[in-house]
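Enquirer: Take a look at the following structure, please.
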Amino acid sequence: MKMPKDKPHVNIVFIGHVDHGKSTTIGRLLYDTGNIPEQIIKKFEEMGEKGKSFKFAWVMDRLREERERGITIDVAHTKFETPHRYITIIDAPGHRDFVKNMITGASQADAAVLVVAATDGVMPQTKEHAFLARTLGIKHIIVAINKMDMVNYNQKRFEEVKAQVEKLLKMLGYKDFPVIPISAWEGENVVKKSDKMPWYNGPTLIEALDQIPEPEKPVDKPLRIPIQDVYSIKGVGTVPVGRVETGKLRVGEVVIFEPASTIFHKPIQGEVKSIEMHHEPLEEALPGDNIGFNVRGVSKNDIKRGDVAGHTTNPPTVVRTKDTFKAQIIVLNHPTAITVGYSPVLHAHTAQVPVRFEQLLAKLDPKTGNIVEENPQFIKTGDAAIVILRPMKPVVLEPVKEIPQLGRFAIRDMGMTIAAGMVISIQRGE
């Protein structure tokens, strides 16, 4: 008997303007695939509504109540299956830490579903989220034009909104994305094919999700393992834990940790004696593997969360305090304006370090990436910009063109994500 090949796992995020129906679309996908969160089903049973049918509207009301009480039902990390994919919905941007989570790799999205209401068309947040998806390196986008029931399933209106979205996404460099007319509330074209729109012959939303290309593993890039934790295990020694972002690690190879080696002015390195994943020994770890690995001659106090392991032949790139790096950022949320001298905290992979804005080189049009102003005095919410940043402590960062997983970052201050960005290049100071 042949075992079916394991289906690829794909992470998706839902983006789009507030009130365009992200939650309803997620709710409909889960409802129609039989994956409503456990606590909602429990609640239904507790309320003794046995006789009544478990209606979609009721489910959405419960989800909304939970949200208003400040509990986002973990639609974050809700899983469902399509014929060829295991799909995890990793987040929807109502979540405060959406951007931070996406950048720090708590949840690397393979694709985004951009929800646009047929009634409103493209709105400011539609543009911002689309630009953000690109900044975060999301390669595939599926467009769901929702609320078709509110425009009487009118083809002309669909074509108008489709044209707006296509213009926006093409400017951002996206090609070949499906644009699907849906009504999440009525359940049209989400999981079940709609008979209300005979003029549309493309895929349903779930069919489009089933066709998301399988994420490729960057095994040919240099090894990079951002460290999440370090354990000291009796009889074994020091065991750093982290997810392999790029490259591969084999037992017997020598790894070096940065910025630890830079900070201690001596190589913090050693031979890998063993690798474990889910308590099983591994000879070789690949991108996406969450591993613990035992390193000879490295003590628990030498390394910490935020360090990155790489091979001694191609060590992780350290940006020191005398260095700077050039970055492209999008300001998502700042109460006033950002000027030179602003010093928030940079979050990249598992590291967090204070940084200082040294220069504001240019303000960009978020849609086209074209420069609209050289050396602006300040930048504010909604602006995209090229800036020079200086870390106040050494940190591992890589240019996004070389190792994207270590080239993206979030900027946080006052408990919020202020900006998202990517490293363009690193300038060495003397």
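Counting begins at 1 with the first residue displayed.
Just so you know, glycine gets a Cβ as well, placed from its N, Cα and C.
For 7-219, the entry in Swiss-Prot reads domain 'tr-type G'. Residues or ranges marked as GTP binding site by Swiss-Prot: 16-23, 91-95, 146-149. Residues or ranges marked as region 'G1' by Swiss-Prot on the basis of similarity to another entry: 16-23. According to Swiss-Prot, the feature Mg(2+) binding site maps to SER23, an assignment based on sequence analysis. Annotation comment: Swiss-Prot describes 70-74 as region 'G2'. Taken from Swiss-Prot, the feature region 'G3' covers 91-94, and the record attributes it to similarity to another entry. Sequence annotations record features per position, and here Swiss-Prot assigns region 'G4' to 146-149.
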Enquirer: On the three-state reduction of DSSP, what should I expect for ASP19 (GTP binding site)?
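Expert: SS state of ASP19 (GTP binding site) = coil.
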Enquirer: Under a three-state reading of DSSP, tell me whether MET148 (GTP binding site) is helix, strand or coil.
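Expert: Assignment for MET148 (GTP binding site) reads helix.
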Enquirer: Once near-sequence residues are set aside, which residues in the chain of MET148 (GTP binding site), 6 or more away, have Cβ atoms under 8 Å from its Cβ?
Expert: ALA118, ASN154, PHE158, PRO181, ILE182, SER183, GLU188, ASN189, LYS196, MET197
Enquirer: Quick one: give me the count of other CB atoms within 10 A of the CB of SER23 (Mg(2+) binding site).
Expert: 21
Enquirer: Restricting to the same chain and to residues at least six past its boundaries, which positions have a Cβ under 8 Å from a Cβ of the region 'G4' (146-149)?
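Expert: Contacts with the region 'G4' (146-149): 20-21, 24-25, 115-119, 158, 181-186, 188-189, 196-197.
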Enquirer: Looking only at the region 'G2' (70-74), report the model's average pLDDT.
Expert: 48
Enquirer: Can you check which residues sit near GLY16 (GTP binding site), meaning Cβ under 8 Å from its Cβ, same chain, 6 or more apart in sequence, and list them in order?
Expert: LYS22, LEU114, VAL115, VAL116, GLN125, THR126, HIS129
Enquirer: As a test of the contact definition, list every same-chain residue at least 6 positions from ASP19 (GTP binding site) whose Cβ is closer than 8 Å to its Cβ.
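Expert: Result: ALA117.
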Enquirer: Is it possible to get the count of other C-beta atoms within 10 angstroms of the C-beta of LYS22 (GTP binding site)?
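Expert: Counting Cβ neighbours of LYS22 (GTP binding site) within 10 Å gives 25.
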